[in-house]
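Noted in TrEMBL for the protein shown:
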type    : residues                                        : note
BINDING : Arg64, Ser65, Gly66, Asn77, Thr81, Ile82, Asp83 : substrate binding site
DOMAIN  : 13-143                                          : domain 'dUTPase-like'
Amino acid sequence: MTKTVGVKRLIQEARLPHRANETDAGLDVYAAEDKWIEAGSYETIRTGIAIELPPSTEAQIRPRSGLAHKFGITVLNSPGTIDEGYRGEIKIMLINHGKEAFQVEVGMRIAQMVIAPVLLSPIKEIQELTETPRGEGGFGSSGLRDDV
Ligand SMILES: O=c1ccn([C@H]2C[C@H](O)[C@@H](COP(=O)(O)OP(=O)(O)OP(=O)(O)O)O2)c(=O)[nH]1
Ligand SMILES: [Mg+2]
């Protein structure tokens, strides 16, 4: 099984995803078009690339903390899911939570992509669930006080 991610450039402006450091989890993903994002709005941005993932993996599209910290820019549907079998162009939905309009430019690093393993578990209906110490407790049930 190859672990290589094949990347096809769909337009000339496109840049291949790139790891800033060899062991970074996230590959920087680049914009392939110029676009303004008004404050409080979102835009779908072209990357100009399509990819071929290794079997039983996905690519997660996550925000870059630098853009969030400096400009309030994040990924609307974070983490975006790129399915193994998807062969279309990867597009990134950025939302501007900042106070100023934000200009996306060709070649800007707008998000990061993490390749992750996926369990393609079959699904079946069952009548009884196994018992566990947690049972149906959730939503803060393990806390000592009501508010945490
Ligand atoms: O940020 C994203 C998220 C998804 N996709 C592409 C790849 C993914 O495989 C496909 C479908 O995404 P998703 O499953 O999130 O969307 P959906 O609304 O469930 O559409 P579909 O019915 O096509 O699965 O769209 C992107 O290009 N960018
Ligand atoms: Mg889907």
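Every residue, even glycine, has its Cβ placed from backbone N, Cα and C.
Feature map: TrEMBL annotations on the structure.
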residue: Arg64; record: substrate binding site; Cβ contacts under 8 Å, 6 or more apart: Gly26, Asp28, Arg109, Ile110, Ala111, Gln112
residue: Ser65; record: substrate binding site; Cβ contacts under 8 Å, 6 or more apart: none
residue: Gly66; record: substrate binding site; Cβ contacts under 8 Å, 6 or more apart: none
residue: Asn77; record: substrate binding site; Cβ contacts under 8 Å, 6 or more apart: Ile61, Met93
residue: Thr81; record: substrate binding site; Cβ contacts under 8 Å, 6 or more apart: Glu58, Ala59, Gln60, Ile61
residue: Ile82; record: substrate binding site; Cβ contacts under 8 Å, 6 or more apart: Ile51, Leu53, Glu58, Ala59, Gln60, Ile61, Ile90, Met113
residue: Asp83; record: substrate binding site; Cβ contacts under 8 Å, 6 or more apart: Glu58
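DSSP assigns Ile82 (substrate binding site) to a strand in the three-state reduction. Among the binding-site residues listed (Arg64, Ser65, Ile82, Asp83), Ile82, Asp83 have a CB atom closer than 6 Å to some atom of ligand 1, in sequence order. Residues belonging to the domain 'dUTPase-like' (13-143) score a mean pLDDT of 97 in the model.
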